[in-house]
Amino acid sequence: MGALLQVADLHAWYGESHVLHGVDMTVGEGETITILGRNGVGKTTTLRTIMGIIRARKGEIRFAGRDMLSVPLHRTAHAGIGFVPEERGIFASLTVEENLTLPPVVADGGMPLEEIYDLFPNLLERRASQGTKLSGGEQQMLAMARILRTGVRLLILDEPTEGLAPVIVQRIGEVLQKLKARGMTILLVEQNFRFASRIADRFYLMEHGRMVADFPVAELPDRMTTLNKVLGV
Amino acid sequence: MTTIFGIPLAAFLGQLLIGLINGSFYAMLSLGLAVIFGLLRVINFAHGAQYMLGAFVALLLLQYLGVDYWLALAIAPLVVGLFGALVERTMLSRLYDLDPLYGLLFTFGLALTIEGTFRYLYGAAGQPYSVPPALSGGTNLGFMFLPNYRGWVVAVSLVTCLGTWLLIEKTKLGAYLRAATENTVLVQAFGINVPLLLTLTYGFGAALAAFAGVLAAPIYQVSPLMGTNLIIVVFAVVVVGGMGSILGAIVTGYMLGIAEGLTKVFYPEASNIVIFVIMAIVLLLRPAGLFGKDA
């Protein structure tokens, strides 16, 4: 499997504070990767640094062979990376449909609007409502749906199941399965083990701003005890 | 003669019309300020100077190149808009990461520089700009005599305000603008060139001010200080409407223009301060402004 995303010795800073201390990771084409770790170890920061939202960074980020460090934030999506932030980022001053069609289509192969509405019938029903009037689960669906339209090759999700009811979590799992089947490469941060174990091919474990372990999903059962201790769950 | 509250109807309607015309300029100018503030978070003190530039470009086009009013109405906003875009790109954009106060100070300095330059070159006295022949004369409405040009200004201002509102609320570009106002970083992460959007927005705001300036040229005299006198009132309008609220700026612009006109009829002594009294009351009761979302 060729690496779609290659991160090597990545450092990042928030002002004076050094938060990523040499992150190494690879994401293969079509793979689904989950980053695990306690709160504050730098999981979200890793995602935001790869996206280029955090600009105080050093090291190497290659996406489809291209050096991403010099790419300005507004060109990252055009390179083929889509981002679903932890806070979901639904715009209050836009309707559901405006939210959905906001991100420009960057490549062929994105999901047509009709197919998105088939996948998320709630969004069709409420397409004229204000974006933030949707429930938390619907907002998460919307945040994912609007990236699917754009034709990006790598989908980055930050805690997609956070704060959502089990039935919604299951629904999000189904959507991600469908995306996997379409060949989408997915990189996510997730606290919910059971959820992650259903969709991920491989895990990275993060501590103190770097990756400390990397294992396939098959090894998850054997590692549960250690993981529980490390993650403090 | 018909009277209303003891005032002759003709005088009442006359002041109402003057109020509506002033309101047309308040609305167009505060609209530009609101659009700029909404996205750039810059309080554009140069707005009055950009309005003045619009009128001056029209005047100079006529004097030196014989370009008439109608062509000037298109060229002047374009020239001033490009100038605004250039200023944003080369100077204003460097201040975004700093305290908002720097943007205010910069545009204030810019206004002083532009106005000072024009005062040096053309003197402080106003210069007349004649009403285009097609709009000279007036129409007898039965109850009053309406100068055609003033009717034209009110109509154009309404169309401009409505058009801008539709552009922001109903188009894709407007959706980018609204989204970027809420969360600039995320909109950029979606692949939208926000720095370009900021430049376009500032240029558009400046062009809108210049457009109002050309419209104003035949009514008020063209003078380097014509913007200074107006901009303070326009800031009061924006504050009353709610900083950054597009609809608030439009509605409040007309409303306060009319309030000012009517005060001239009923209590002329207060007409110069009525807008500021309303501003003080609104700030006391609704600090976010009539249409503002948060304080």
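Please read every residue number as a count from 1 along the shown chain.
Using the three backbone atoms N, Cα and C, a Cβ is placed for every residue, glycine included.
Taken from TrEMBL, the feature transmembrane segment covers B:12-37, B:49-65, B:71-89, B:101-122, B:149-168, B:200-220, B:232-259, B:265-285.
Counting residues 6+ beyond its ends, the transmembrane segment (B:101-122) has Cβ neighbours under 8 Å at 40-49, 52-53, 56, 87, 91-92, 95, 224-225, 227-228, 231 in the same chain. Residues of the same chain lying 6 or more positions beyond the ends of the transmembrane segment (B:71-89) and with a Cβ under 8 Å from any Cβ of it are 40, 46, 50, 53-55, 57-58, 61-62, 110, 198-200, 202-211, 213-215. Away from its own ends, the transmembrane segment (B:49-65) comes close to residues 29, 71-73, 75-77, 79-80, 83-84, 110-111, 114-115, 118, 122, 127, 129, 205-206, 209-214, 216-217, 222-228, 230-231 of its chain (Cβ-Cβ under 8 Å, at least six residues beyond either end). Against the transmembrane segment (B:200-220), stretch B:149-168 has more CB pairs under 8 A than any other of B:149-168, B:232-259, B:265-285. With a cut-off of 8 Å between Cβ atoms, the residues of this chain six or more beyond the transmembrane segment (B:149-168) that come close are 17, 20-21, 24-25, 27-28, 31, 35, 131-132, 135-136, 139, 174, 177-178, 208, 211-212, 215, 218-219, 246-247, 250, 253.
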